[in-house]
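Annotated features, as they stand in TrEMBL:
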type: ACT_SITE; residues: Cys433; note: active site, nucleophile
type: BINDING; residues: Ala306, Ala307, Ala308, Pro309, Gly310, Gly311, Lys312, Glu330, Asp357, Asp376; note: S-adenosyl-L-methionine binding site
type: COMPBIAS; residues: 1-11; note: compositional bias 'Basic residues'
type: COMPBIAS; residues: 39-48; note: compositional bias 'Acidic residues'
type: COMPBIAS; residues: 99-119; note: compositional bias 'Basic and acidic residues'
type: COMPBIAS; residues: 540-558; note: compositional bias 'Basic and acidic residues'
type: COMPBIAS; residues: 565-576; note: compositional bias 'Basic and acidic residues'
type: COMPBIAS; residues: 585-623; note: compositional bias 'Basic and acidic residues'
type: COMPBIAS; residues: 624-638; note: compositional bias 'Basic residues'
type: DOMAIN; residues: 215-503; note: domain 'SAM-dependent MTase RsmB/NOP-type'
type: REGION; residues: 1-119; note: region 'Disordered'
type: REGION; residues: 506-638; note: region 'Disordered'
Amino acid sequence: MGTIPAKKKKNAGNSITKHKKEEAPIVNNKNINDSFLSGDDDSEDVDEFVISGESSSDNSDDDNPLQDDFLAGSGTDNDDDDEEQGNKESDSDDSDVSDIERESKAIDDERARQEKEAEKELQINIQEESDEFRLPTQEELEIEAVGPPDLSGLQRRIKEIVRVLSKFRSLKQEGTDRKDYTDQLQKDFSSYYGYNEFLIGMLMEMFQVVELYELIEAFEKTRPMFIRTNTLKTRRRDLADTLLNRGVNLDPLKWSKVGLQIHDSQVPIGATPEYMAGHYMLQSASSFLPVMALAPKEKESIVDMAAAPGGKTTYIASHMKNTGLLFANEMKKQRLHSLSANISRMGVTNTVVINYDGRELPKILGANSRDRVLLDAPCSGTGVISKDGSVKSSKSFEDIQKCAHLQQQLLLAAIDLVDANSKTGGYVVYSTCSIMVMENEAVVDYALKKRNVKLVSCGLDFGEKGFVNFRQYQFHPSLTMTRRYYPHMHNLDGFFVAKLKKVSNTNPTPKSDVPSEIVGKDVDVSDEEDADELKSKKRQREEDDKQQENGDLSDTKKKGTRKTAIKENGKEESPPKKRKKRVFPSREEVSKAREEKRNMLREEKRNKLNEEKRNMVKEGKKEGLRKKKVDGKKKGGK
């Protein structure tokens, strides 16, 4: 009976020894350190334990009964074992805490990694979906047309089409060509931004799709506010200091010596004491450009053909320092008041305000009599859509054509005003607030053909070059000297500026070495009067031909010499008549006819003016005689 517990003890001892063999180094070191620190007498037992451990490690036989008995040990040894077990449990608790922290950190890292991978995968999926953009089908478009407009969907589709067209080869949809995308983009532009078909079509022909999208977006934003310093009364630095003290946030305009950009203001800019005193003018920065290109000088004779409301006129006067003579012409009477008010407020004293049609100014002011002329021509306003949004839907091809026709006549009149032999001048500046080629490059190209002028540099440091070709039209190569300004590039209103130098006061004679029939087809009838003249000549020639034919027939009837041929059934048939070729007048004849008619009109007007003067003189004389008679009667009565 006593042997059974011994066996159990032996088995327990074996299990303890096996466990201690695995972690012997840690336990021994810990117990040794504890014994040294505590200074107990158990150090001898520890030494014996260490020695027995070393001896047990030397023995290769694990079933040694002495070893088992020794490890089973006495009560003191069991107490030491319990202490060691407690230390192990505390160490295991600490290790468990560190393991939990380590595992939680690993879980957090894994979760963060998975979130990053998910985000990356989402971006890849979005990119793949955008790369696979497909045009809407006809059924989808019909559904869109029935329902209310989806503005966010339209904007997203516009951006996608612009992106595809910018990298068309790699992003295009299979089975589609560029025209499909551009047609859809044109419809979306019209629907989203409100442009009519003609205007958006013209813009798409002028610009690349990416630049066009930027231009249209820029038209939807307002341009910054600018003021121009009146150097006749103050300096820019002094004006800026005064306005800053009034709570105006401003910056100087870099490319101008007199311009200031207004960011915001605590006072109304158009009602400050400085504005009332004429120290500055509210004016768009694009309006500075024509005057800078004209470069007026002191003591010159200059004409501003379309002057209202007076911003450019007063700028010219400040360049001239109130010397010389400046004519400010405005055709519309209702705009004369604002023009005169601004001239007076700005302290301009060398300007004469006149009210005439600009096409008649060479007859009124005298041809070849001025040093410089500024023509800021009336136009369609396609460069200032941000100010007048109605232009997007109201302008048509006929409107642009009418403006271009008027601009051609005004530019020819401006050239006729300038004296080519002027010592300081002989320049004409043509400008518009339009970006249409028909109103800009085409008009200047027309003037180059009709008058002895050439294009010169505008003297402006920035701006895009003008078009040399557009559609089927080829313009003069020197049109690269003209300058274009766009809101998305320069943060200005859309503008065009060209500077011409008059070479000779005589007009060029058209040379024609080709047959008259072909020349007749190429004749450019620019004036309505010339067109009516040609039509009347054609009618007259047709009537003469008919009368001549009728006269020939009557003569042949009288003489009885008409030739007839007897055919079947005894019927007579007259011989076929030869149709005469219509002869068109040559260019020289047309130009001569024009000059004769113009001379006649001039003579008629001169005669009318002379008659009016004579009548005025006669009336004056009569009034004078009446006054003399009355005075004589008064004296006689006295």
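Quick reminder: no glycine exception, Cβ is built from N, Cα and C everywhere.
This view paints the features noted in TrEMBL onto the structure.
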residue	record	Cβ contacts under 8 Å, 6 or more apart
Ala306	S-adenosyl-L-methionine binding site	Asn329, Glu330, Met331, Gly358, Leu375, Asp376, Ala377, Pro378, Leu410
Ala308	S-adenosyl-L-methionine binding site	Glu330, Lys332, Arg335, Leu336, Ser338, Leu339
Gly310	S-adenosyl-L-methionine binding site	Met281, Ala328, Ser338, Leu339, Ala341, Asn342, Ile343, Met346
Lys312	S-adenosyl-L-methionine binding site	Ser287, Pro290, Val291, Asp304, Leu374, Asp376
Asp357	S-adenosyl-L-methionine binding site	Met331
Cys433	active site, nucleophile	Ser286, Cys379, Gly381, Gly383, Val384, Asp493, Gly494, Phe495
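Sequence-distant contacts of the compositional bias 'Basic and acidic residues' (99-119), counting only residues of its own chain at least 6 positions beyond either end whose CB sits under 8 Å from a CB of the stretch, are absent. Counted with DSSP, the compositional bias 'Basic and acidic residues' (585-623) comes out as 37 helix, 0 strand, 2 coil. As a summary of secondary structure, the compositional bias 'Basic and acidic residues' (99-119) carries 21 helix, 0 strand, 0 coil according to DSSP. Averaged over the domain 'SAM-dependent MTase RsmB/NOP-type' (215-503), the predicted model has a pLDDT of 95. When the record's S-adenosyl-L-methionine-binding residues Ala306, Ala307, Ala308, Pro309, Gly310, Gly311, Lys312, Glu330, Asp357, Asp376 are compared pairwise by CA position, the greatest distance found is 20 Å.
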